[in-house]
């Protein structure tokens, strides 16, 4: 193609640079020139995931829109792998974070793939809440021209297994969409199932769309942010524990630890809002108990990932022993023909309740039977890392990462039980002992890019962790925006986590306001949501002034109660009805002014 020479006097190029540019592009087609133009514009104007806007598909386009709705990173990894598979066969795909997806364009989609996880009691992941609400609202459009597929990730230890995926799948079909494939629901060991599904959906999509030279996707949110690190979930950093300090009082009902991990010269980087993945080993005493309950020796060889290991080593390093599931109970009952457990199999609610209340070791104790080693490991699920909200900013702590860990401890008929990862960190790692870790980036829980923007932080218990990171970062940035903390726990004297630090931030003026809710210090229980209502007028003024709202804590109770309180504040002081308030809060969520890190 021949292009007309531009007037060189009007260009920021010297004649030699212009000549090289013309020589390089002389045989380009108009489409290729347009692509190069967009490429260099993208180089000049890089956008972060938080600010990027998803590209709307052209009407009639057969490009594939791939939505990632992730809570802990697993759905994102599956979506990214599918994107790579599609690009490898020259299919045009646009991968977009559910939080960045312009959902009002959904009726324009021809080919839509959703990869989603589930959180809490069957809710969609945080980044997909707005999309979920829209699809279930009266505003949802007909999707008669849309073909779709859903891959759902979940955990069978929870009652509402893969519920978000079921919701999306059923609603997309109800709105007129055509299923490309039946929905697939995957448990925590999802990798093999995901690989099989990816191969199937790629074949289906190849038959539905022409093969072209793919256009590189416009950055479409957090799924496309590049976090380069040699350390991953599959290849974690071997770091060392440097501090393990109990930060609740001696009379507290809670055992909360401040944990510091030395990253050394690894170069591992994180941002406030990220989580730390921790691989742990099961308690050797628990392993011994399970082996003895089944009349095994512990040296029996079992297959793990294609290798033969002694049973005790396999149980300590490779299998989940502290979380029971309905599936494990059902399979154990069927294998052993247990007179007590078999009647539960036909009652889903009772089965789920029993699994939630009875650890694996106690199930074996209460319903004893003899299993061989292979049958035992066949019952169990693979050990997976635990994620903890990071409680520090590298701007302050540099080569360290801090955690706020609530140690899970309870008794079953006089026998002490504990959480796998929390007790590992609190009880079984020596000073400078090894901890295998990785960063799980969370681009859906980020400080405002403008340091002048006020922030409202709402947390209870260990939900204080990311806000400690936030305030450290705001201090390091010398951010002028106001900071308001709402924090709740049972007792002021026993459970005020990081009390000295927060009081110092108040004294220095960095923490503009702090409201504390102590639920057990008086006859009437007071929670953070009560403090939100109490401060409603001022809270609304902050929101009106552009404040970003952050919530961290329990998904099933605290986060729901906080959201209800926020809606009531918006209704009372914003002059809206409940439906309008709900829409307003959804708009804040879409604008990333309402972000939650809940578990």
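Glycine residues also receive a Cβ, built from the backbone N, Cα and C atoms like all the rest.
Taken from Swiss-Prot as is:
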DOMAIN    64-202  domain 'Flavodoxin-like'
BINDING   70-75, 117-120, 153-162  FMN binding site
DOMAIN    234-448  domain 'FAD-binding FR-type'
BINDING   322, 356, 386-389, 404-406, 410, 419-422, 599  FAD binding site
BINDING   519, 520, 525, 526, 527, 528, 529, 561  NADP(+) binding site
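The structure, with features from Swiss-Prot marked on it.
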residue: 117; record: FMN binding site; DSSP (3 states): coil
residue: 161; record: FMN binding site; DSSP (3 states): coil
residue: 386; record: FAD binding site; DSSP (3 states): strand
residue: 404; record: FAD binding site; DSSP (3 states): strand
residue: 421; record: FAD binding site; DSSP (3 states): helix
residue: 519; record: NADP(+) binding site; DSSP (3 states): coil
residue: 525; record: NADP(+) binding site; DSSP (3 states): coil
residue: 561; record: NADP(+) binding site; DSSP (3 states): helix
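Looking at 70, 117, 322, 404, 519, the binding-site residues in this record, the fewest other C-beta atoms within 10 angstroms of the C-beta turn up around 519. Each residue contributes its Cα atom, and for residue 404 (FAD binding site) and residue 528 (NADP(+) binding site) those atoms are 19 Å apart. Here NADP(+) is bound by 519, 520, 525, 526, 527, 528, 529, 561 per the record. The longest Cα to Cα distance in that group is 18 Å. This prediction places the mean pLDDT of the domain 'Flavodoxin-like' (64-202) at 94. Among the binding-site residues listed (322, 388, 526), 388 has its Cα nearest to the Cα of residue 117 (FMN binding site).
Less than 8 angstroms from the CB of residue 529 (NADP(+) binding site) sit 558, 561, 562, 564, 565, each of them six or more residues away in the same chain. Of the recorded residues, residue 525 (NADP(+) binding site) and residue 406 (FAD binding site) place their C-alpha atoms 22 Å from one another. In this structure the C-alpha atoms belonging to residue 419 (FAD binding site) and residue 527 (NADP(+) binding site) are separated by 26 Å.
Secondary structure at residue 70 (FMN binding site), taken from DSSP and collapsed to helix, strand or coil, is coil. Note on residue 520 (NADP(+) binding site): other Cβ atoms within 10 Å of its Cβ, all shown chains, come to 14. In the three-state DSSP reading, residue 599 (FAD binding site) counts as coil.
Taking only the Cα positions, the spacing between residue 520 (NADP(+) binding site) and residue 73 (FMN binding site) is 36 angstrom.
Break the domain 'Flavodoxin-like' (64-202) down by DSSP state and the numbers are 55 helix, 31 strand, 53 coil. Of the binding-site residues 161, 388, 527, 388 has the largest number of other Cβ atoms within 10 Å of its own Cβ.
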